[in-house]
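Chemist: Copied straight from TrEMBL:
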ACT_SITE  His38  active site, proton donor
BINDING   31-38, 148-151, Ala177, 185-188  ATP binding site
BINDING   Gln62  beta-alanine binding site
BINDING   Gln62, Gln154  (R)-pantoate binding site
Amino acid sequence: MTRIVRTVAELREQVRAWKAAGEQVGLIPTMGALHDGHLSLVRLAQTKVKRTVASVFVNPKQFAPHEDFDAYPRGETRDAQLLESAGCDLLFAPNAAEMYPQGFSTTINLTGVSEPLEGAARPQFFGGVATVVTKLLIQAEPDIAVFGEKDYQQLQVIRRVTRDLDLPVEIVGAPTARAEDGLALSSRNAYLSTEERAAAVALPNAMKAAIAAVQAGERVETAEAAGKAALEAAGFRQVDYFDFRDADDLSRLGPDALPSGARPRLLAAAWLGKTRLIDNMGA
Ligand code: PAF
């Protein structure tokens, strides 16, 4: 079985032993409820380094009080089995007291890339993510850390933090894993009813249509409005954003046709019943 450690001391001891033996180490931070998307991150890490460490920690600091921290799916035995099947070497599964001991007072906050989109919809979110990811990178001292492009803004935020704080790690982005119909894999897809799951495919479909439209010269604003209307017609009750943004700094593109040389990324978040789905695609 994949070995499980629960303390920073045990984690560091193992990682330092590997490094002393000349083996590079990759970290895959997760909140558990693992699916094929997470396992694809492990497999990508294995193509670059000898040893892989997955962390599973449902981070309370990135959930607002009204959000789904309590309901978030958990299952360590299943997660450990999946990591074992993917050939992951170590599972770091700390409890909340190990990560945030009594008196914990530090938060990593950023400006810029963390502010629009998810940052506007979930004001506490990126502070919580940046804090826990910075801790994990300092705790594990990996050579690389792999994050899914599914959470594209999170990936850009983590790139910014590691650059700003000179953390000695290479951040690797991994392509979004999708179900056969195109829906991005997400632990939160488990919340969807059968009917909602069938309707959810409207999200990637609306995004592909919007990208095809702007590539054919449509105005960005018009393509965004059509995408939102398509989602509402498919039963989404609220669209938080459906925006073409610069792929690097996530500044707004449009309202007119894309200028040549633009590096657009379409990012979307929308509610289907009680479930908030996010997705993004290069355009
Ligand atoms: O993407 C996630 O699962 C989480 O935001 C992360 C990066 C593990 C931090 O808690």
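Note that Cβ sites are derived from N, Cα and C of the backbone, with glycine treated the same way.
Heads up, TrEMBL stuff is auto-annotated, nobody curated it.
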Chemist: Can you tell me which of these recorded positions sit near ligand 1, meaning the Cβ is under 6 Å from at least one of its atoms: Met31, Leu34, Gly37, His38, Ser187?
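Modeler: Among the recorded positions listed, those whose Cβ sits under 6 Å from ligand 1 are Met31.
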Chemist: Just counting, how many other CB atoms are there within 10 A of the CB of Ser187 (ATP binding site)?
Modeler: 18
Chemist: Using C-alpha atoms only, work out the spacing between the residue listed as 'beta-alanine binding site' and Met31 (ATP binding site) and round it to an integer in Å.
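Modeler: Rounded to the nearest whole number, the Cα-Cα distance is 11 Å.
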Chemist: Just counting, how many other CB atoms are there within 10 A of the CB of Ala177 (ATP binding site)?
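Modeler: So the number of other Cβ atoms within 10 Å of Ala177 (ATP binding site) is 18.
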Chemist: Under DSSP, is Gly37 (ATP binding site) part of a helix or a strand, or is it coil?
Modeler: helix
Chemist: Cα distance, Ala177 (ATP binding site) to Gln154 ((R)-pantoate binding site), nearest Å?
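Modeler: Per the Cα atoms, Gln154 ((R)-pantoate binding site) and Ala177 (ATP binding site) stand 16 Å apart.
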Chemist: Mind checking which of Met31, Leu34 has the fewest other CB atoms within 10 A of its CB? They're the binding-site residues.
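Modeler: Output over binding-site residues Met31, Leu34: least Cβ neighbours within 10 Å is Met31.
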Chemist: Can you tell me how many other Cβ atoms are located within 10 Å of the Cβ belonging to His38 (active site, proton donor)?
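Modeler: There are 28 such Cβ atoms around His38 (active site, proton donor).
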Chemist: Work out how many Å separate Ser187 (ATP binding site) and the residue listed as 'active site, proton donor' at their Cα atoms, rounded off.
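Modeler: For Ser187 (ATP binding site) versus the residue listed as 'active site, proton donor', the Cα atoms are 10 Å apart.
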Chemist: What Cα-Cα separation, expressed in whole Å, is found between Ala177 (ATP binding site) and His38 (active site, proton donor)?
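Modeler: So the Cα of His38 (active site, proton donor) lies 9 Å away from that of Ala177 (ATP binding site).
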